[in-house]
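Data first, discussion second: the structure below is written as structure tokens.
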Amino acid sequence: MAQYCYILFCYRVPGLFATVNRFFFLNIFLCFRSRRDVQTCTSWKAPIIWEGMFDPDLYDQMHKKEGTSVALTVFAVGRFTFLNSSEKHFMLGLPVSYYVFTDMPEKVPEIKLGHERSLKVIKVERHSRWQDVSMMRMKTILDAIESDIRHHCTHVFCFDVDQVFSGRFGSEALGDSVALLHAYYYRIPEKLFTYDRNPKSKSYMETGDFYYHAAVFGGSWKSVKALTEACYRNIMEDKRNNVEALWHDESHLNKYFWLHKPSRVLSPEYCWDTNIGYRSDIRVTRLLWAPKHYDALRTPYFRRLQ
């Protein structure tokens, strides 16, 4: 039987040294030694979640007891296999509220939803360039959190729509601030990461910890609000200076997580591309990239990685 490591974080409050026994401060069981083939902890002691490290039932019971509820945001661009697959795999057993942002609400199909799961369609402005859609989603998510999500949900997960769930994407992924390791970059040297090297951009990075994928990020609603607010503010400052970040919102997200370390990091299991081929460290795939025009989105070097 695996031995699970109990992580207990303590923090100071005025006049008191308190031991906090709540999941969002990571008092969780994780079996770090079960995955000696991969990095399971960051330099700042945040866990990197891989298959075999956690007991799913323990996490589910803990979050149900704590009354966790999750908002899932997604920008619909014509494909809805994402929502159908989410109903089979995403945060099962917890209340989930879908927030679908689209410029064509009438084309969102009827989705059969499970118990304590709801869907809200929000009309958004249409942009001619996908780059603008990518960058402005930060503002849209920020507005939704402020006006609606924070009143109903404890956590938020933000997704690209061009993906499909293929396995459990459960409560083990929840944390105060959650980032995802990019499937194409988690095993290559940092010098090859596609950070924005333009010092004129607010997303400029000379160095970093990991390369994170903007296709998935999340956390408590307060943390996601802070992230989207900061990214949007920096995007708009770049626009005023006639600068566009190399990889748009992803560049700004990487800069944010460099300055504000995530409390939880998801392994590439949580957003995998089968075009990469077999990897012995990927024991399960929980979310798969759907076929799309990715050649147009990356540099020639990135295409060589594929």
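Indices start at 1 and increase along the chain as displayed.
The backbone N, Cα and C atoms fix where each Cβ goes, glycine too.
TrEMBL: automatically predicted annotations, no manual curation.
It should be emphasised that the depicted structure is a prediction, and the values quoted were computed from it without experimental measurement.
Record features, source TrEMBL:
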- Phe75, Ala76, Val77, Phe80, Asp160, Val161, Asp162: UDP-N-acetyl-alpha-D-galactosamine binding site (BINDING)
- Asp160, Asp162: Mn(2+) binding site (BINDING)
- Glu250: active site, nucleophile (ACT_SITE)
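Sequence features annotated in TrEMBL and their locations in the structure.
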| residue | record | Cβ neighbours (10 Å) |
| --- | --- | --- |
| Phe75 | UDP-N-acetyl-alpha-D-galactosamine binding site | 22 |
| Ala76 | UDP-N-acetyl-alpha-D-galactosamine binding site | 19 |
| Asp160 | UDP-N-acetyl-alpha-D-galactosamine binding site | 20 |
| Val161 | UDP-N-acetyl-alpha-D-galactosamine binding site | 21 |
| Asp162 | UDP-N-acetyl-alpha-D-galactosamine binding site | 19 |
| Glu250 | active site, nucleophile | 25 |
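Recorded residues Asp162 (UDP-N-acetyl-alpha-D-galactosamine binding site) and Glu250 (active site, nucleophile) have their alpha carbons 16 Å apart, per Cα-Cα distance. Checked against the residue listed as 'active site, nucleophile' by C-alpha proximity, the binding-site residues Phe75, Ala76, Asp160, Val161 yield Asp160 as the nearest.
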